[in-house]
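In what follows, a structure is listed as structure tokens, so that the remarks can point back to it.
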Amino acid sequence: MRGAKPRRGQLWRGPASVGQPSALGRRSYIDDILVTAGSWDETCERVEALLESCDQWNLSISVEKNYWGMRKVDYLGHQVSEDGLDAKPKDLSSLRDLPFPSSLRAMQSFLSSLNYYSRFLEDYAVYAPTLYELREVDFAELKMRADLREIWNGMEKGHADCNAGESGGIATKVDPEVKEGRWLHAFRAFWTLREKIGTTPILRHFDPDRLPVVIVYASEWAISDSIMQEHDHTYYPVTFASRTLKSNDLNYNVVEKEVLALLRILDLNYNLLVVRPIKVLARHSTLAWLFRSSGLQGRLGQWAALLSPWTLEIVKCTKGEDEILGVLAASITP
């Protein structure tokens, strides 16, 4: 529903009576209202409750902008269905065809476009910081150096692996210092993010009857985590979250970084996860030691206190370190 607004000729005077129950089963943002239900009868009941609330608040709804009984609906840049939530940016085609930005402003515009959909992008914080670090002087260098433009043009033509060293390939024409430098990392980060936005997985609706599985990962300078739920022996994502580490966090060991990732996902999704048993998949079984130890001091003691109200089962991931980031992609159907 769209276009909800006060009726013409009437001043908004508040509801006819206070203390009325909320019209449940709907999500609203400004004048866009989404009503969801499991059956047609339930849909009718919820719509009637919503219309009664609109009448009490002297709100009118545009009939021309309404859609009823839809299996899928586009809502705020997403496609919502019974299967889950799918990212559908309006400018997806332009994002997929975007060349590497030639100015700082263009790069900032690209990153801003992706930031809203970061929860659909696994390990967004692993790739984005490389691009955030670029400055005006870097783009001035890019315009002046033909070898850098040649690297990007080669990647655009399908030569994504600039270190392949094939005869006549792009790798034979590039300074070795450049190949391992920040520009190659920046090009690959941009390429990866641009491709990921076009192949984002559908985020499943959270099922309160299924066990939530939290997967945490920590690298040298970033943490990443996700909430999954198992359907037919396959993990499907509910949400992704990631961020770069702050300067004072960089000295933490990998287990401490995993704790940071766990605390963050629990905080961001508190309403979904509170009072529920949670399975945590991590690289190191040492994380489980934190919950069994007593008399911890310093930040470990503080973290243990923050995690103590939660019912967590810590499970060491059986896959190798290089596979932990791919465990989602290997078991998820996009």
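Yeah, the Cβs are placed from backbone N, Cα and C, and that goes for glycine too.
Among the ranges 1-20, 81-100, the stretch that TrEMBL annotates as region 'Disordered' is 1-20.
Each residue of the domain 'Reverse transcriptase RNase H-like' (208-308) gets a DSSP state, and the totals for helix, strand and coil are 39 helix, 34 strand, 28 coil.
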